[in-house]
Amino acid sequence: MVELRLPSNSVVKKGRVHKAQQEMLKPRKVQVYRYDPDLNKNPTIDSFEIDLSKTGPMVLDALIKIKNEIDSTLTFRRSCREGICGSCAMNIDGTNTLACIKPIEDISGDIKIYPLPHMKVVKDLVPDMSHFYTQYESIEPWLKNDNPAPSNSERLQSIQDREKLDGLYECILCACCSTSCPSYWWNSDKYLGPAILLQAYRWIADSRDDNTGARLEALEDPFKLYRCHTIMNCTKTCPKGLNPAKAIGRVKSLIAERHGV
């Protein structure tokens with residue numbers, strides 16, 4: 001009988017407890033995943049007590065307060081603080097989302113924060129996005145048109161053609177959807193995942209691009225595209241309210257149409 005075991009250093013252990021140093025008006029406990037590969041130790045869950053009466057309304061505000069006032073070694077990405085850049089994507093209360101737009105008041109009980117799942121962790125809440133960006137590069141996410149552009153203007157679109165990009169161009173590549181997808185967990189070495197496939201369709205749907213056939217051929221692969229099993233986690237978790245599953249379905253339909261199906 002085959003017996004499978006996780007490496008001993010993959011077990012998450014209880015970490016440090018940072019208790020309140022003074023009385024708080026609105027005390028709240030924040031549990032944060034901590035891991036530093038350079039230390040060659042197990043990841044831990046550290047606990048911090050903070051006063052929400054002296055903290056901003058979003059989970060990112062709580063993390064910044066912890067880093068500034070309690071533990072400066074806590075590591076996470078952040079930038080815009082308004083749901084535009086995608087830097088602060090992480091798993092909060094069991095759901096992949098952006099810390100900067102996740103209200104603390106929406107979370108009952110302790111605030112539990114982990115890095116995006118099924119990605120190598122650089123440190124603490126920082127995932128390694130290298131493979132994700134390599135996959136993004138593979139779809140050639142730029143306008144491809146062999147015809148010269150008009151000399152005195154941009155390549156124009158009709159209002160109707162421009163509207164076809166709504167729900168696609170807004171993707172901020174935060175990877176919340178891809179890292180919520182079981183198919184991506186299992187086959188991320190070959191399956192492009194919902195974020196990249198939505199981005200691929202964004203260029204396929206662009207009327208200014210004349211490389212549609214080649215783009216579809218590049219995706220016609222048992223793993224790149226067809227590992228999508230319509231689980232729909234991607235659509236449920238997208239912090240921008242987009243529908244990657246719909247975009248993937250449209251790519252599949254276009255490929256079928258090319259084969260006369």
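Note: Cβ is positioned from N, Cα and C throughout, glycine not excepted.
What Swiss-Prot records for the [4Fe-4S] cluster site is Cys171, Cys174, Cys177, and among Cys228, Cys238 the residue it adds there is Cys238.
Each of the binding-site residues Cys80, Cys171, Cys177, Cys228, Cys238 was scored by the number of other CB atoms within 10 Å of its CB, and the largest score is that of Cys177. With a threshold of 8 Å between CB atoms, the same-chain residues lying at least 6 positions outside the domain '4Fe-4S ferredoxin-type' (161-191) that come near it are 83-87, 89, 95-98, 116-119, 127, 129, 131-132, 136, 198-199, 201-202, 205-207, 221, 223-224, 227-229, 231, 233-240, 242-244, 246-247.
In this structure, the CA atom of Cys181 ([3Fe-4S] cluster binding site) is 11 Å away from the CA atom of Cys238 ([4Fe-4S] cluster binding site).
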